[in-house]
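Trainee: Among the features that TrEMBL reports, active site, proton donor is placed at 130. Residues or ranges marked as substrate binding site by TrEMBL: 94, 115, 118, 169, 382. The NAD(+) binding site annotation in TrEMBL covers 214, 245. The annotation site 'Important for catalysis' is assigned in TrEMBL to 170.
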Ligand SMILES: NC(=O)C1=CN([C@@H]2O[C@H](COP(=O)(O)OP(=O)(O)OC[C@H]3O[C@@H](n4cnc5c(N)ncnc54)[C@H](O)[C@@H]3O)[C@@H](O)[C@H]2O)C=CC1
Ligand SMILES: O=C(O)CCC(=O)C(=O)O
């Protein structure tokens with residue numbers, strides 16, 4: 001090879017920027033991975049020579065489609081739907097669907113790219129994909145959500161299948177939406193293909209523990225990371241951003257480990273309660289009533305509500321768990337967290353810390369669990385749901401939970417070993433990228449230039 005691995009990665013990154021203009025989230029995700037992989041490419045120049053690096057940053061397929069739907073007043077709306085099938089080297093495409101007004105191709109591409117490495121880390125046979133729409137579910141009636149999901153699936157069904165591509169939930173897509181999507185798929189295809197979606201209801205092929213899996217898995221990972229340093233969650237003060245699926249079940253598991261979650265947030269603001277946030281009230285407000293987080297203070301007089309979501313990171317804590325969305329912790333918030341004594345960060349959301357924020361944590365010796373590793377429990381349990389669907393069996397909650405825990409312990413072990421093997425001890429960002437990449441790269445090599 002005539003140029004260094006470092007120069008190759010810098011050049012490739014420039015080509016990615018040029019080819020994918022105006023997609024800063026995708027550029028950010030690629031930059032982090034390429035920088036982590038320099039020591040791997042120094043040992044394996046064949047990954048460059050065989051075009052594996054060029055291929056790993058280029059989705060296998062990108063689908064963009066029109067989603068017309070009619071609201072309750074009879075007005076027609078047209079949204080844009082996406083599915084980016086990024087890499088199918090190690091299994092059928094797998095990854096969630098996000099319904100949020102901020103969705104555009106750059107967000108879906110970054111999420112699909114991250115999913116490739118995350119899914120590889122689970123040790124299960126799943127490739128990487130992501131999808132969604134720029135639809136805002138906020139304030140929509142059940143019937144509007146149903147009509148939107150039916151229209152979305154009326155195009156998506158052509159591109160998915162239990163051995164081809166298996167979507168699931170993400171921001172704005174939970175059990176209700178998966179139900180409507182599944183109903184429409186079944187109607188169009190006239191076949192009961194349970195494994196075509198995951199996160200399903202229990203009566204039609206869903207898995208126990210899938211709802212809890214991302215949040216529980218995050219805490220299993222954080223616990224493992226702390227245990228390796230002689231620390232524990234017990235007695236620690238914890239901040240959790242977001243108050244959706246990941247945040248709620250992370251909170252539940254932190255309490256089971258004896259920690260105290262003193263703040264949670266939504267896109268409007270955050271609540272702080274030094275006595276600890278009650279998970280049952282949060283579930284009622286968010287899962288049942290679908291209300292904003294400020295409602296919480298009506299039930300708990302010790303809690304206070306504060307406008308604006310980034311303020312949550314100014315609260316002193318031992319452990320911070322960003323579980324809302326991408327780039328919610330920047331350099332400034334990271335510096336404040338460190339100055340206030342935060343020693344552990346576990347990423348429940350995808351890419352919630354920007355590159356400068358990540359550097360602050362790593363430079364200051366914060367135990368940092370990157371998203372690809374720390375939040376992989378959700379997709380891992382989706383893969384367990386697919387296994388149960390294939391076998392036409394349903395495992396107990398305890399059985400799935402035990403498998404999830406094993407998977408998270410293994411992910412910690414593999415990421416920390418990969419980091420150490422490349423002289424980057426304790427840098428789990430590099431460890432996750434390296435361990436996730438190597439399995440995919442070796443498989444792509446075995447498949448030839450395809
Ligand atoms: N649901 C899953 O199984 C998995 C989700 N993730 C990631 O976790 C994150 C959260 O996803 P879910 O909990 O599933 O979504 P969700 O739709 O259930 O909840 C999202 C929550 O984040 C809040 N939020 C949105 N923007 C915010 C902001 N700027 N500041 C504070 N709060 C904000 C929303 O109000 C909502 O409470 C996303 O990054 C998603 O990609 C990652 C792995 C699996
Ligand atoms: O369960 C899945 O397939 C998707 C989970 C997901 O979207 C994620 O890991 O970010």
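Positions of Cβ are set from backbone N, Cα and C atoms, glycine also.
Here the structure is a predicted model, which means the values were calculated and not measured.
Help me understand the surroundings of these features in the structure.
Mentor: A strand conformation is recorded for residue 130 (active site, proton donor) in the three-state DSSP classification. Sequence-distant neighbours of residue 130 (active site, proton donor) (same chain, 6+ apart, CB under 8 A from its CB) are 83, 84, 86, 95, 96, 97, 98, 108, 109, 111, 112, 115, 170.
Cβ neighbour count for residue 382 (substrate binding site): 30 (other Cβ atoms within 10 Å of its Cβ, all protein chains included).
For residue 245 (NAD(+) binding site), the number of other Cβ atoms no farther than 10 Å from its own Cβ, over all displayed protein chains, is 26.
Mapped onto three states, the DSSP output places residue 170 (site 'Important for catalysis') in strand.
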Trainee: List the residues of the same chain that sit at least 6 positions away from residue 94 (substrate binding site) in sequence and have their Cβ under 8 Å from its Cβ, in sequence order, or write 'none'.
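Mentor: Listed in sequence order, they are 115, 119, 126, 127, 128, 129, 165, 166, 168, 379, 382, 383.
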Trainee: Fill in the CA-CA distance, residue 169 (substrate binding site) to residue 245 (NAD(+) binding site), as an integer in Å.
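Mentor: With the alpha carbons as reference points, the distance is 10 Å.
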Trainee: For a Cβ distance below 6 Å to any atom of ligand 2, name the recorded positions from 170, 245, 382 that qualify, or say none.
Mentor: 170, 382
Trainee: Who sits close to residue 118 (substrate binding site): which same-chain residues at least 6 apart have their Cβ under 8 Å from its Cβ?
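Mentor: Once residues fewer than 6 apart are set aside, residue 118 (substrate binding site) is near 128, 371, 372, 373, 375, 376, 379, 436.
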Trainee: Counting across all protein chains shown, how many other Cβ atoms sit within 10 Å of the Cβ of residue 169 (substrate binding site)?
Mentor: 27
Trainee: With Cβ-Cβ distance below 8 Å and at least 6 positions apart along the chain, what are the contacts of residue 214 (NAD(+) binding site)? List them in sequence order.
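Mentor: Residues satisfying the criterion: 245, 246, 249, 250, 348, 375, 377, 378.
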